[in-house]
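A.B. asks: According to Swiss-Prot:
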- His135: active site (ACT_SITE)
- 1-323: region 'Histone deacetylase' (REGION)
Amino acid sequence: MGTALVYHEDMTATRLLWDDPECEIECPERLTAALDGLRQRGLEERCLCLSACEASEEELGLVHSPEYIALVQKTQTLDKEELHALSKQYNAVYFHPDTFHCARLAAGAALQLVDAVLTGAVHNGLALVRPPGHHSQRAAANGFCVFNNVALAAKHAKQKYGLQRILIVDWDVHHGQGIQYIFNDDPSVLYFSWHRYEHGSFWPFLPESDADAVGQGQGQGFTVNLPWNQVGMGNADYLAAFLHVLLPLAFEFDPELVLVSAGFDSAIGDPEGQMQATPECFAHLTQLLQVLAGGRICAVLEGGYHLESLAQSVCMMVQTLLGDPTPPLLGLMVPCQSALESIQSVQTAQTPYWTSLQQNVAPVLSSSTHSPEERSLRLLGESPTCAVAEDSLSPLLDQLCLRPAPPICTAVASTVPGAALCLPPGVLHQEGSVLREETEAWARLHKSRFQDEDLATLGKILCLLDGIMDGQIRNAIATTTALATAATLDVLIQRCLARRAQRVLCVALGQLDRPLDLADDGRILWLNIRGKDAAIQSMFHFSTPLPQTTGGFLSLILGLVLPLAYGFQPDMVLMALGPAHGLQNAQAALLAAMLRSPVGGRILAVVEEESIRLLARSLAQALHGETPPSLGPFSKATPEEIQALMFLKARLEARWKLLQVAAPPP
């Protein structure tokens, strides 16, 4: 399977026919700029390209009234003055003789994409469309939107395929109130929207855009609004919202399909959003969503009005859907005060409805939290006033670190025969090794732990590590004997440092003691998941128990491991599963899959050989980009699991700001 790109050049036909400063930014060049970007990067040719077809009137009727559909159809025969008069009856809308055709194509593209994904023709995809849709309501155009493309896609998925749980993620900078109204009382659709709000002073100026609008009737708790009350929100703020609000709810909801209202006016440089999130942030957000719903993601373009920023952001999303590694994130991973206040308001509003939030831990913030303005000065060299100047934005976009994908995605060096591991296709069996003399030199400090066969294995593992650091292999799995696991991990740490890795994240599970000579200089972040008690040796070395509940395990990953990993910004991740590691198949796969994002996939997983037959296939699939299996029914974290996380967060959040999930008391 692959990635679909649904498009039709006719969607560039509708355009503004009169002077209107509010509407002029929704122009045909938005589509052509995005498509040109995909072509220049060679991404279009890697997709399954589908030519959009018009949605039928019956399909439009899944959301819209017959009278409204007829009214839009009538615009095909109106002259300019009549179109202008009709447009003025709506808020921030213009009609054109080709609007009906274009809007039907946009809706049809969304439906085609759902069909392609749910029939298994592709794994995921993007519908590149205009006009956008998320503001459109049952009987009203609104905010450049004519038909509600994503709402239609959700209704179509429910009606045609019988889906019972659909997640809609709306990261457009405007509130998609049209989607909210349509599914306000529907518990089968979980709608998450973040949006510029500024305490109700930003368009569409609605009280129901605030955090306390949670849905009605049976739909209470299934509308999740995260209002941004300042401009300048950046990468760290968006990540914090995903890690501390969206993903906990999404895992508990367990969707069968993820729809993304992919508006890129929330990206840097956009005159509407005035936000600071750089294009590569959308690659990370996309990859974080790929662990849900079996990876079935249908993204539909919404807003985005700075052409260069829009094109770059679309490319970032598509290359992630295609399976390319995520590029590094720019900037400090420090959420601002206003973002944390918004996150706390959402958690407060949603806690009655979600077990995952009832177990949430919220340490008090330190006074060193940066404001958006302070971070803007560091990122752009000027404050985020109106439109960002080209001479500030273009150099920033040029900084995007687009590493080519390594020729080998996943490699394995194992003491167990390959046939016994049932590895997925495309995984390379590593036969190469570093020189014996070099291996012996690295193993000298642990001579008692390495037998002759262990040295041969270590040589292969060092060869894997070199391949990852040289950009020839994206990630790898290796096996060792139980006796040699800790020593192997220590050797790998030292070799990473010798090869001038700036930061190495070590996630060690089971009976693996921290190396005695492990430096505390900020180059190694050591997290040991073992035992019954949490402990802190320093701000870079600590341990925590392995939770036994699904809720506790998800809180460990989303509330501790990923915030630490993103805050540390490692060059390399070493994931070691030692004796008595305690991980089940699905847990190991999810941990590996989630750790790919912060490090661009550069992971070396070392597994003691007693566990490799059980874990090899699921680990390899996760590292290879396949969606990890479900953890099973959601179960609430125990008080002991919550206490362990609380202990660590309260002591670490002063250094690791992404652990913060709440604003200080008034």
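Using the three backbone atoms N, Cα and C, a Cβ is placed for every residue, glycine included.
Remember, predicted model here, so these are calculated numbers, not experimental data.
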A.B. asks: Excluding near sequence neighbours, so keeping only residues 6 or more apart in the same chain, what lies with its CB under 8 A of the residue listed as 'active site'?
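C.D. replies: Set apart from the residue listed as 'active site' by at least 6 residues yet with Cβ under 8 Å, we have Asn142, Gly143, Phe144, Cys145, Asn148, His174, Gly176, Gln177, Gly178, Pro204.
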A.B. asks: Averaged over the whole of the region 'Histone deacetylase' (1-323), what is the pLDDT?
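C.D. replies: Summarising the region 'Histone deacetylase' (1-323) by its mean pLDDT gives 98.
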A.B. asks: Helix, strand or coil by DSSP: which one applies to His135 (active site)?
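C.D. replies: DSSP assigns His135 (active site) to coil.
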